[in-house]
Amino acid sequence: MAPEANGKNRSTSVDIPEQAVKNLTVEEMYDKEKYDLSTMKEGDVFKMLDTTRDGLKDDQINERLEKFGHNRLDQKTQSPIIQFLLFMWNPLSWVMEAAAIVAIAVSNGGGKEPDWEDFVGIILLLLVNSIIGFIEQRNAGNAVKELMKSLAPEAKVKRNGQWKTIDASELVPGDIIGVKLGDIVPADGRLIVAQGEVSMDQAALTGESLPTTKSVGDEIFSGSTCKQGEAEAVVIGTGLNTFFGRAAKLVGGAHDEIGHLQTILAKIGNFCIIAIAIFIIAEIFVMYVGFHYEYRRGINNILVLLIGGIPIAMPTVLSVTLAIGAKQLSEHKAIVTHVTAIEELAAVTILCSDKTGTLTLNKLVIDKESIKKYSDIESDGIIYHAAIASRIDHPDAIDACVMSTYGDKNKIREGIEELNFKPFNPTDKRTEITYKQTKDGSVHRISKGMSHAILDLCTRDKTDEQIKQLNTDVDEFAKRGLRALAVAIEDVSDGQKDGKGNGFKLIGLLPIFDPPRDDTKETIERALQLGVKVKMLTGDQLAIAKETGRRLGMGDNMFEAKTLKEGPPADCGYKDIDDLILHADGFAGVYPEHKYEIVERLQKMGHLIGMTGDGVNDAPALSKANVGVAVADASDAARSAADIVLTKPGLSVIIEAILGSRQIFQRMRNYAIYTCSITIRVLLGFSVLIFAFRFDFPSFMVLILAILNDGTILTISKDRVKPSQYPNSWHLSEIFTYAIVYGTYLAASTVIFFTVIVKTTFFQDKFGVQQFQYHHHSHAFPGWNNPILNSIIYLQVSTISQALIFITRSHSFFFRERPSILLVIAFITAQLIATFIAVYAKWSFTQIHGCGWTWAGIVWVWNLIWFFPLDLLKFSLRAYFDRQQKEAVEETLGKEPSTDNQRLRRQTTVLSMSGPPSRLSRMMSADPKSSRRGTFAEIAARYYAPHTRHLSTSHRFRNFAGVLNNATNTPPSFAIDAPELQRFSLVQAHHASKLLNAKNDITTTGV
């Protein structure tokens, strides 16, 4: 049987065996040729699943869990051994592994044995770094996943005739489930009850661009979102036996997107690798062509650059810092569902916030003294009619407010029989109930909702005077910060639930008050101090929005959402829509498409946007935003679309999360600047010593430098840092500029120190230390090479290089910002070890001889003299880069129209932007050609996946249709076998084949 033209299947009748659930195997039950639960008649479905409209009995649940398994898709776990080995499979590790090969296989000339010491040291460094990274990543990743348990999806299920809420994973075939606006369908099912017009968004599963209307008997898919109405359904498939599960099984590869952190790791790694390659080529030409070095002598110098220039610990440090940071954010009641969103949250410049529940308490109350009447029905009667038009079970905030004001909710429906109920939806913005009075059989309708939606609905006793009075009353409420809830009634004379009434009549206006949170005003002030503009996007009237904005100190420069289409008002001074959106304090009367457009326009102006939301109508904007934030008690759809889920209400939680994310970002940025600087200082410093003095530093001592550096720098993930006063993002040009300046300065400190030692007698005259002699190339230590001098240079490089971290981690003078105790202890320990090695070591295999305490003292004093000016370099660089940030923040926070210079700067910023795009744009790229072209950085980024894989908190296909559309250059692999395809239902195969044919010209037949 093929799908009908309207996309629905004709019901079929089949012979159902007795106790099918017990007697048939799972494979037999889901053999579509025998039993197609998606098309058979409703009675046959109930018989097949041995269930009733009252749900399953307790004794049936455990049997079915054992037979069908839990309602989840278990992710295949990778072998821990493979995970560990992959930590040594990325471009940075490849360079170190190349150094190991050079040491053991290439360094064997000149009648000398291979460089076993360097080889063993490199292997140990790789192993230690991988072990630490593997353990830290697993611990941190597991901690992040623990945080997500509080967000496990739930389902409303009827069992033993009683409704209750359970974990969605506990659902079994035969359960009766309920879904409402904003819910994500927890399992495949067939509708048995539909209240109002039920529509489901299946875009992520089938590719359908518009929500699909569902009626009784239709199939609903696990993972789809209820966009309108309320429904009950009988579960026909769970886990792998859902459309989602079968689709995931058919598509072999998950096609994980390349995370932004992976791209940053690749770009920084490429910077270091390219720098190493440049200096190695230069050394080869100078040493072998210019100086005619012996083969083995030159190889040792190349090893110095290979080992010393690679920041081997960088992937571990950055990813562990993020994971630990996610756990710290959870202490502020912000659970990160996509851990890499932390770096994007730190870069947020504009926060678009809804009003209700975020800026306000979301504890609605009715001011009974201010109720407006438009008929002979008294105030209590108006409240009673509004209560009847409320959802008794699972009410929303307004329904709960109305019923609590009325009193005992059990008495609301006494003496009446509900015939039809239309729940609230974002389009109509009202509820409606049709009911029968049991005492006389008369049928009536009541509708309540937004004032103008109800006014447009009314036709009976409607006069110009009434319209004028209503508008006056609504404006009066708005000036006082009150929301207006209108109530209208009509009689249905023919007694039918769908019968025509005598016209709705407006009976009253209820003033509902949602007071601002006590801390909101202070929080908005903090946000402005942090360079974050808070914009209010609300569906309320403009007057209410302005009054709320004035009370909260966020301003009243607000506009109706219709200005997005009509253009800026003539008297506002803004030249275009973009300018108005940027400088407005908020918008009123917004719909989901308005929120999406506002976010999109702000992003195109170069801003990173945070968006708060709680309902299904917020999901598109939450996905589009760089950081979607689902507020406390948000719907399943909002949580699924969000990057961060709050477990405590209020804007203050978001600001705390921004502060926390900036601290986390500062740790990563500090390390990135530090490690790139060390790369430049090693490459430049030791290369110049070769070019100018033919000085060959022992490669084994660079290994010691790397080991001590890595051991110290790993503590940066828990360092005490101050958050930036401006939004942060990965401006790699800024990081590389800092690195080149710092690295050059540190290299100069070493080269000048070496020059003073060998070219002058200053230290010998002042401190009585020995004079070093230049030797002929036939000497055991040709040129200026000397074991004692090697120790001196080792100590000088080690101490001032590690001390750089105290410069990069601070905004002010390094001594004014106290580091963590762990970092201080690690630094002191590393420098004591380095000092004792330099003073006492006698390692003939690596040409090291103790230099004594006098030289050690000289080195420490020299480094202290060179260390203090580093702060001045930092201030000079910050003066340039901070000025650019300050100009951008001032324009964002200002209310005046942008100047021509500001517009030009904005355009320049957009053209140079390399910041993270929204998650939606990463997942659904509209340009398949650009994604196929993949840059070198994107190719390299894939190899850093083991360092970021444990940061993922969800392995579900968020966009299965996008995978089928195949925007990437790697086609999905399909495990097409006959038994599996037989379980793939006709309608589902029809949807999948349309998508596959469109992209891959695959013809699906015989299904």
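Backbone N, Cα and C atoms are what each Cβ position is placed from, and that goes for glycine too.
Taken together, the residues in the domain 'Cation-transporting P-type ATPase N-terminal' (36-108) have a mean pLDDT of 83 on the 0 to 100 scale. For 36-108, the entry in TrEMBL reads domain 'Cation-transporting P-type ATPase N-terminal'.
Residues annotated as transmembrane segment in TrEMBL: 81-107 (among others).
Among the features that TrEMBL reports, transmembrane segment is placed at 119-135 (among others).
Tertiary neighbourhood of the transmembrane segment (268-290): same-chain residues 90-92, 95, 297-298, 301-302, 305-306, 309-311, 314, 672, 675-676, 679-680, 683-684, 687, 690-691, 732, 735-736, 936-937, 940, 944, selected by CB-CB distance under 8 Å and a gap of 6+ residues from either end. Residues or ranges marked as transmembrane segment by TrEMBL: 268-290 (among others).
Feature annotation from TrEMBL assigns transmembrane segment to 302-324 (among others).
Per TrEMBL, the feature transmembrane segment maps to 671-693 (among others).
Cβ atoms under 8 Å from those of the transmembrane segment (736-758) belong to residues 271, 673, 676-681, 683-685, 688-689, 692-693, 695, 772, 774, 784, 789, 792-793, 796-797, 800-801, 804, 807-808, 859, 862-863, 866, 869-870, 873, 877 of the same chain, restricted to positions at least 6 beyond its ends. The transmembrane segment annotation in TrEMBL covers 736-758 (among others).
The transmembrane segment annotation in TrEMBL covers 820-841 (among others).
The transmembrane segment annotation in TrEMBL covers 853-873 (among others).
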Per the Cβ filter (under 8 Å) with a sequence gap of at least 6 from its ends, the transmembrane segment (81-107) is approached by 114-116, 118-119, 122-123, 125-126, 129-131, 133-134, 266, 269-270, 272-273, 276, 296, 299-300, 302-303, 306-307, 309-312, 314-316, 699, 940, 943-947
For the domain 'Cation-transporting P-type ATPase N-terminal' (36-108), what are the DSSP-based totals of helix, strand and coil residues?
42 helix, 2 strand, 29 coil
